[in-house]
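Q: Have a look at this one.
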Amino acid sequence: MILLCGGIPFLWNLSGQISGRAGFGPEYEIVQSLVFLLLATLFSAVTGLPWSLYNTFVIEEKHGFNQQTLGFFFKDAIKKFIVTQCILLPVTSLLLYIIKIGGDYFFIYAWLFTLVVSLVLVTIYADYIAPLFDKFIPLPEGELKQQIETMAKSIDFPLTKVYVVEGSKRSSHSNAYFYGFFKNKRIVLFDTLLEDYSALNKEPAEGEDGENEETKSKTKNKKQGCKNEEVLAVLGHELGHWKLGHTVKNIIISQMNSFLCFFLFAVLIGRKELFAAFGFYDTQPTLIGLMIIFQFIFSPYNEVLSFCLTVLSRRFEFQADAFAKELGKAKDLYSALIKLNKDNLGFPVSDWIFSMWHYSHPPLLERLQALKDAKQE
C-alpha cells in the first residue's frame, strides 16, 4: 500500500517542507534525510505498536511468558525509540556524508565506516546500552561461578566477568550469551535460565513493592530454569561457538556481504529509472537510493542469503553441541535442552522443509538424537 500510494515520495516531500521551515533548503539533503528517517521510524513504531501489544499482552500473556505491565511496556518502547534515534541519526548522517564526498571509491569508505560502527556497537552494547533496559549484576561467588571459571580456563576462554541479567521482569523466556573482543570476554546468564536465581521460582516477599508492582510478579507452581550442571552444559555449547571460530566466521561472512552490497549500490545508484519506479522523477536522494536498492532490489538475493546462513547456523549448532559433548556435558545438555524447550513451550516436532528454511537452530529431536549415543555411554 505504501508503494502503490506513493508513501515514500510523500514522506520525502513532507520532510523537505519541515526542514525548509527550519531554514534548511533543498541543498541540505542530509538534514532532509534525517527528518525523513525520523518520520519513517516513528511511523513504523506507531503502526507496529498494535502487533507488539497483541504479541505481548495476548499471545505471550496467554502462555504465561509476559511479565510486563502496560506502563512498563510503553516506558520500554519509548526508551528503545530514543536510544535507537541517538544511534541511527548520527551514524546515517556520517554515512551519507562519506558517500557524498567519497568519489568513485566511496563504497570502500562506506563499507569501512559501517565495519567500524558495527564493531564499536558490539563492544559497547552489553556495557552501556543493554543496562539501560535490564539490570546486570555479577554472578555471586559460589559453586556455579567457580565451575564456570574452571570450564573457561580449561579451554583457554579469556573470561573476565560473569553477569546475571534480570530478564524475568520482562519475560520468562531464557537465554545465555558471551561478548567482548580479544582478552576481555564476559558471559551473561538470564536469571530465568538459572533454577537457583530465577525470580519466577521465588515467592514474593510480604509488602514488597517497587519493581514487583511494575513487572507484575507471577509466581508459577513449577520450577523454571536449569540446575548448575545443566547451565554449565549450555555454556559449554556457547563456548563451543567461540572455540570453533563460529563468531569470527559470521563476522567475516557479514562483512563480505556488506562490501558486495555497497559495491552493487555504487553500480546502481546512478540509474534514474530505479528512482522513477518509486516515484522520484526529479531528484535522486542518496538515502532513498539506499532504501530502494538495499530493501527492495536486493530482496531476492537477501532471501537466498538468509537461507544459506540458516543452513550454516544449523551446522554450527550441531558442532557446538558436539563440542559440549567432548567436554563430557552430553547428558546434562540433553536434559537442559528438554527443560529449555519445555520452559519456552517449544513444539518438539517440526516439518523438515519448513524448519530447513526458517529455523536457525536444528529442531529439538534432531539435536537430542545427535547427543543420544554419548548420553547413553
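Note: Cβ is positioned from N, Cα and C throughout, glycine not excepted.
TrEMBL entries are annotated by machine, without manual review.
Take a look at what TrEMBL says about it:
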- E238: active site (ACT_SITE)
- D321: active site, proton donor (ACT_SITE)
- H237, H241, E317: Zn(2+) binding site (BINDING)
- 2-135: domain 'CAAX prenyl protease 1 N-terminal' (DOMAIN)
- 138-373: domain 'Peptidase M48' (DOMAIN)
- 203-223: region 'Disordered' (REGION)
- 30-54: transmembrane segment (TRANSMEM)
- 81-99: transmembrane segment (TRANSMEM)
- 105-126: transmembrane segment (TRANSMEM)
- 259-281: transmembrane segment (TRANSMEM)
- 287-312: transmembrane segment (TRANSMEM)
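Situate these features within the shown structure.
A: Around the Cβ of E238 (active site), a 10 Å sphere holds 18 further Cβ atoms from the protein chains shown.
The number of other Cβ atoms within 10 Å of the Cβ belonging to D321 (active site, proton donor), over all protein chains shown, comes to 26.
Within 10 Å of the C-beta of H241 (Zn(2+) binding site) there are 20 other C-beta atoms, taking all protein chains into account.
Sorting the domain 'CAAX prenyl protease 1 N-terminal' (2-135) by DSSP state (H, G, I as helix; E, B as strand; all else coil) yields 111 helix, 1 strand, 22 coil.
Beyond the ends of the transmembrane segment (30-54), by six or more residues, the same chain brings 11-12, 14-16, 18-19, 22, 24, 73, 77, 81, 84-85, 88-89, 92-93, 96-97, 100, 285-287 to within a C-beta distance below 8 angstroms of the stretch.
Within the chain, the transmembrane segment (105-126) has long-range Cβ neighbours (under 8 A, six or more residues past its boundaries) at 87, 91, 94-95, 98-99, 136, 179-181, 186, 188, 254-255, 258-259, 262-263, 265-266.
Long-range contacts of the transmembrane segment (287-312) within its own chain (CB-CB distance under 8 A, at least 6 residues past either end) are made by residues 8, 12, 33, 36-37, 92, 96, 253, 257, 261, 264-265, 268-269, 274-275, 278, 280, 356-360.
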Q: Long-range same-chain neighbours of H237 (Zn(2+) binding site), Cβ under 8 Å, sequence gap at least 6?
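A: Residues satisfying the criterion: A320, D321, F323, A324, K329, L333.
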Q: If you count Cβ atoms within 10 Å of the Cβ of E317 (Zn(2+) binding site), leaving out that atom itself, what do you get?
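A: Cβ-Cβ neighbours of E317 (Zn(2+) binding site) within 10 Å number 21.
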Q: Quick one: Cα separation, E238 (active site) versus E317 (Zn(2+) binding site), in Å?
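A: Pair distance, Cα basis, whole Å: 9 Å.
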